[in-house]
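One structure below.
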């Protein structure tokens, strides 16, 4: 009697799509793990016994940073602690439940700091003027004070490679400075050390990773400020370059890591008479008094 033939179930379009999604997610996670791990090693970002505070805004970058650091923590050669912190600035319409619900599901220690900096910014900044400078200084001042009070040794921010390049061009175009965001920034008084674990990661990879991981993204509705508009112009320029000239952004980023002071024109970095390098000005997180009374909030320039 012939054996009964059983037909194997055909793959449905949905299951094939899910398989491709899973493969893409695994590939992206490996790439981001590698890039974050390399940045941590290259710049000595995290050391044994560190307490790392991941600053979460609810955007794709900070979600991805926390996710990758939690992943790396499991297999890291050194033991370090991770906590997540969000500053609720009391922006109208900010969904207060989203981050706590997500962080509860992740099982990580977290803190939500409630400070109404939104009202301060609206009160102090004239209509039509950029809010970014004051808003970021107030935000960082609060976060840095919190870090010191809670024994945090490293403050992790979610800036990625594209942010570093955009900041370089913003400073060149509008500030007359050859200046970007460093992967690690130490304060002069030793209070704070800021790290940027995503320094090697591309924004488009982070955006796709966040989409595949289905992070509960919270949009920022506070500003349509001039600084953000200027940054958007540069971002669009980079996107055009990336399409028309693949590899250009990678080469530009390598230039940030390969500076030759003798071929620039800054006498603070190079003694052109003696033909030797100088120490230059040390850039760091500096505590500064606000120009106006903003209450008991320290303003830190970064």
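Cβ atoms here come from the backbone N, Cα and C positions, even for glycine.
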Matching 39-44, 45-50, 51-56, 57-62 to Swiss-Prot annotations, motif 'PP-loop motif' lands on 57-62
Intrachain residues whose Cβ lies under 8 Å of the motif 'PP-loop motif' (57-62), provided they are six or more past its termini: 86, 98-99, 157-160, 163, 198, 203, 206-207, 210, 215-218, 220
Within 10 angstroms of the C-beta of residue 132 ([4Fe-4S] cluster binding site), the count of other C-beta atoms across all shown chains comes to 17
Near the Cβ of residue 135 ([4Fe-4S] cluster binding site), how many other Cβ atoms are there if near means within 10 Å? 22
